Amino acid sequence: MSPQTETKASVGFKAGVKEYKLTYYTPEYETKDTDILAAFRVTPQPGVPPEEAGAAVAAESSTGTWTTVWTDGLTSLDRYKGRCYHIEPVPGEETQFIAYVAYPLDLFEEGSVTNMFTSIVGNVFGFKALAALRLEDLRIPPAYTKTFQGPPHGIQVERDKLNKYGRPLLGCTIKPKLGLSAKNYGRAVYECLRGGLDFTKDDENVNSQPFMRWRDRFLFCAEAIYKSQAETGEIKGHYLNATAGTCEEMIKRAVFARELGVPIVMHDYLTGGFTANTSLSHYCRDNGLLLHIHRAMHAVIDRQKNHGMHFRVLAKALRLSGGDHVHAGTVVGKLEGDRESTLGFVDLLRDDYIEKDRSRGIFFTQDWVSLPGVLPVASGGIHVWHMPALTEIFGDDSVLQFGGGTLGHPWGNAPGAVANRVALEACVQARNEGRDLAVEGNEIIREACKWSPELAAACEVWKEIRFNFPTVDTLDDQA
């Protein structure tokens with residue numbers, strides 16, 4: 001480090017560069033109940049001690065900068081600085097460490113996920129002293145949680161609105177995701193809902209393109225919802241994607257959905273941004289709309305094990321910002337998702353109090369102090385043969401969201417929906433009778449095929465489909 005140069009001697013100020021660990025590495029610190037706690041996976045550059053790397057993360061994500069500044073004397077750094085209070089090695093990784101950082105609550109604006117992330121992950125990830133950096137988990141204290149509204153409605157209120165209990169909800173993403181006219185799109189929605197699904201869904205990149213403007217889509221989908229409700233006697237919904245280029249346009253689309261009387265709208269919360277998402281969530285609560293959240297772009301942030309941000313952090317942020325559903329992987333489908341890790345952040349979405357459990361990737365005990373829960377959505381490459389595993393893994397409080405697994409049925413969309421509904425009802429009944437879905441799942445589906453030709457045809461089509469690829473983002477071995 002450069003030698004310090006003494007200036008402004010009369011006020012005790014020493015200019016120059018000093019090691020971060022002298023100020024920001026404080027292993028003696030006892031965390032407070034009001035601190036936001038972060039667990040970072042740190043990969044220092046060669047020659048950088050882990051204590052210096054952890055302290056650098058704490059400094060650059062709170063009050064520090066690369067050199068001493070005389071305005072440090074105008075505030076109380078001990079009150080406002082982040083502190084690296086513990087460092088532990090990652091089992092099996094010689095160059096990686098978990099650095100635990102505590103942030104005073106006063107560093108963050110109330111009710112703002114945007115400000116929280118701007119502080120904690122906004123700048124430090126490009127720091128040259130680090131080869132890589134990943135935010136593995138956050139502990140959000142009750143004092144901060146209470147400044148957020150959270151999900152517009154939550155799990156129980158949604159079930160009451162829909163009058164659906166005792167089973168997972170069923171959905172389908174309309175395919176092809178792009179290119180259909182609004183009228184043909186509405187037809188597909190109607191066929192799926194009439195066949196037995198609870199929801200259909202806009203794909204994440206369906207906004208308002210030349211082939212299908214948003215207002216036309218909303219109108220034809222509303223017609224499909226009302227027609228299918230009249231024919232089935234069940235409440236139906238379609239996730240109308242309100243995501244737009246501006247917040248004002250997004251709210252305009254949500255207002256139109258409310259005027260049509262539909263039950264739910266949708267938002268792409270990462271590409272749309274947390275400020276937009278929180279605004280839409282507040283509107284949905286005030287106006288009785290459910291809010292479905294898609295996580296488009298998440299894998300850019302969370303897939304690599306040594307750099308970025310784990311999805312459990314994005315899931316916690318979504319629960320604060322607000323959403324009634326969020327896509328959470330499938331474990332068994334075509335998209336990335338380790339089973340234990342997925343179960344960990346599914347609990348973080350749904351439950352009120354979650355104990356620390358490193359075997360599931362949960363670094364901190366999290367108390368949501370009665371903030372409403374979020375329904376996890378299993379979506380991506382799933383079909384009827386996956387139904388027993390999905391029911392066993394996710395339980396009743398979930399949405400099982402098919403796409404090609406409904407619309408790819410050889411007899412059409414409505415028979416595809418029938419096959420999904422029959423498979424789900426068979427699995428729920430078998431589970432309620434005490435059968436083990438993990439062991440007897442295939443047999444349960446085969447038995448149901450005997451009285452559902454639609455399910456039998458679906459099983460024949462997808463009997464050979466597998467997505468057997470190793471998971472990239474796996475949990476660490478626990479020593």
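In case you wondered, yes, glycine gets a Cβ from its N, Cα and C as well.
Matching His86, His327, His409 to the substrate binding residues that Swiss-Prot gives (Asn123, Thr173, Lys177, Arg295, Ser379) identifies His327.
Taking Cα separation as the measure, Lys175 (active site, proton acceptor) is nearest to Glu204 of the recorded positions Glu204, His294, Arg295, His327. Other C-beta atoms found within 10 angstroms of the C-beta of Asn123 (substrate binding site) number 11, with every protein chain shown included.
Sequence-distant neighbours of His294 (active site, proton acceptor) (same chain, 6+ apart, CB under 8 A from its CB) are Glu204, Asn241, Met266, His267, Asp268, Tyr269, Val326, His327.
Closest to Arg295 (substrate binding site) by Cα-Cα distance, out of the recorded positions Lys201, Asp203, Ser208, Thr330, is Asp203.
Rounded to a whole number, the distance between the Cα atoms of Ser379 (substrate binding site) and Lys201 (N6-carboxylysine) is 11 Å. Thr173 (substrate binding site) sits 15 Å from Thr330 (phosphothreonine), taking the Cα positions as reference. In this structure, of the recorded positions Lys175, His327, the smallest number of CB atoms within 10 A of the CB marks Lys175. Rounded to a whole number, the C-alpha distance linking Asn123 (substrate binding site) with Ser208 (phosphoserine) is 34 angstrom.
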